[in-house]
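Annotated transmembrane segment per Swiss-Prot: 21-41, 44-64, 91-111, 112-132, 139-159, 160-180, 211-231, 235-255, 263-283, in sequence order, evidence recorded as sequence analysis.
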Amino acid sequence: MINLRQQMPHYLRLMRFDKPVGIFLLLWPTLWAVWIAAKGAPSFKIAVIFIAGSVVMRAAGCIVNDFADRHLDKHVQRTQMRPLASGSVSVTEAMLLFAVLSLIAFTLVLLLNRLTVELAVIGILLALVYPFLKRFTHLPQLWLGVAFSWSIPMAFAATVGHVPAVAWLLFFAAVLWPIVYDTQYAMIDREDDVKVGIKSTAILFGRYDRLMIGLLQGSVLLTFGLLGWYLRFNYWFYLGLLVALGLMCYQQFLIRHRKPPDCFAAFRNNNWVGFFIFLGILLTYRN
């Protein structure tokens, strides 16, 4: 018999509710899309569904990730005390929790139109496959970018009934962004990952990691600039991009010596990048 009161702290850790930055990194692209699709005036229903869905799916994704990595996590110093790796949560408990979260997410998406439901099925498959890719390719961060950005076509489908070209332009920018911050994150564990056979862009880029991150950061901002021009956004949007540029330069400063605590700080700093881009979008539609 599961003692919920005793296990709840472990469940919350398994779902990473003790590390909310991951929720926001998933939420910002969702909010970008919800606001742009609705031209700055999203319906309360759609906004709530997508915000709640982001929180739930991030939690579910963390469970799948830890399930896939439970044997590898024991050999990486930073992850060896994760609930599944340490045994504080059983595989059965994790799967039951995942099933509950999936049911909640499915219930939410059923409140939307058919196209959004169909896209949601693809989104679930993207999330399920991602954790296993790091064994076979050095580009799991690219797949993560697609999975984390899949809420964008869903938001447009829910709002306007189809996925226009501008949605895919936003999607492209959003896909590149997680490659940036998850490469910074992977730099923390690079030595341990090499030992246990985990692949990542941090390992692929090697000593060119900062250069590649910089090129990706520039591509993100350039794509957003093109998006702003296409949508005729005003100066508020570009001020948001300017702040994002400053934050990205700060991240380059942080990772210059590739020290794990500084790489983690750079990763966390991306929350503010997403926030200021969203703030620029929000203020553009209000002025």
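Positions of Cβ are set from backbone N, Cα and C atoms, glycine also.
Counted over residue pairs separated by six or more positions, the transmembrane segment (21-41) shares fewer than 3 Cβ pairs under 8 angstroms with the transmembrane segment (112-132), which leaves the two as not touching. Taking every listed stretch (91-111, 112-132, 263-283) in turn, the largest tally of C-beta pairs under 8 A with the transmembrane segment (235-255) is reached by 263-283. Taking residue pairs at least 6 apart in sequence, the transmembrane segment (160-180) and the transmembrane segment (112-132) share three or more C-beta contacts under 8 angstroms. The transmembrane segment (91-111) is not in contact with the transmembrane segment (139-159), judged by fewer than 3 CB-CB distances under 8 Å for residue pairs 6 or more apart in sequence. Under 8 Å from some Cβ of the transmembrane segment (139-159) lie the Cβ atoms of residues 25-26, 29-30, 32-34, 37-38, 42-43, 46, 49-50, 53-54, 61, 112-113, 115-116, 119-120, 122-123, 126-127, 129-130, 133, 167-168, 170-171, 174-179, 182-183, 186, 199-201, 204, all in the same chain and six or more residues away from its ends.
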